[in-house]
């Protein structure tokens, strides 16, 4: 699980693994949690501030089957960096040469003034 600062990655991780809301502060580190859902076991790795961290985390990235990229849809100013970050991830040899699922999770939709899904798609260039 990755995304820009303040996207809600840690809160989402806590919700998925503990089934409770946890108010968190940015910590700039990794979180790794294992959770069970039906017959599947998931290891969730929360990478802080992907924009700076992603290039040095490729060893861990090689081990993942899917990437959850969390986007804060209430922060219009971050969309340029989100777009660049997603391009870096998708162009990385580790991603290009392997079949990995990418889920872009539009978080914080409950905040007034947040972007619509159509606007997020346009801003980060998913259609391309």
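Using N, Cα and C of the backbone, Cβ positions are placed for all residues, glycine too.
Automatic prediction, not curation, is the source of TrEMBL annotations.
Feature annotation from TrEMBL assigns GTP binding site to 3, 4, 5, 6, 7, 8, 9, 10, 107, 108, 109, 110. Per TrEMBL, the feature Mg(2+) binding site maps to 10.
Shown here: features listed in TrEMBL, placed on the structure.
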residue: 3; record: GTP binding site; Cβ neighbours (10 Å): 28
residue: 5; record: GTP binding site; Cβ neighbours (10 Å): 16
residue: 7; record: GTP binding site; Cβ neighbours (10 Å): 26
residue: 9; record: GTP binding site; Cβ neighbours (10 Å): 28
residue: 10; record: Mg(2+) binding site; Cβ neighbours (10 Å): 21
residue: 107; record: GTP binding site; Cβ neighbours (10 Å): 20
residue: 109; record: GTP binding site; Cβ neighbours (10 Å): 13
How far apart, in angstrom, are the most distant Cα atoms among the GTP-binding residues 3, 4, 5, 6, 7, 8, 9, 10, 107, 108, 109, 110? 18
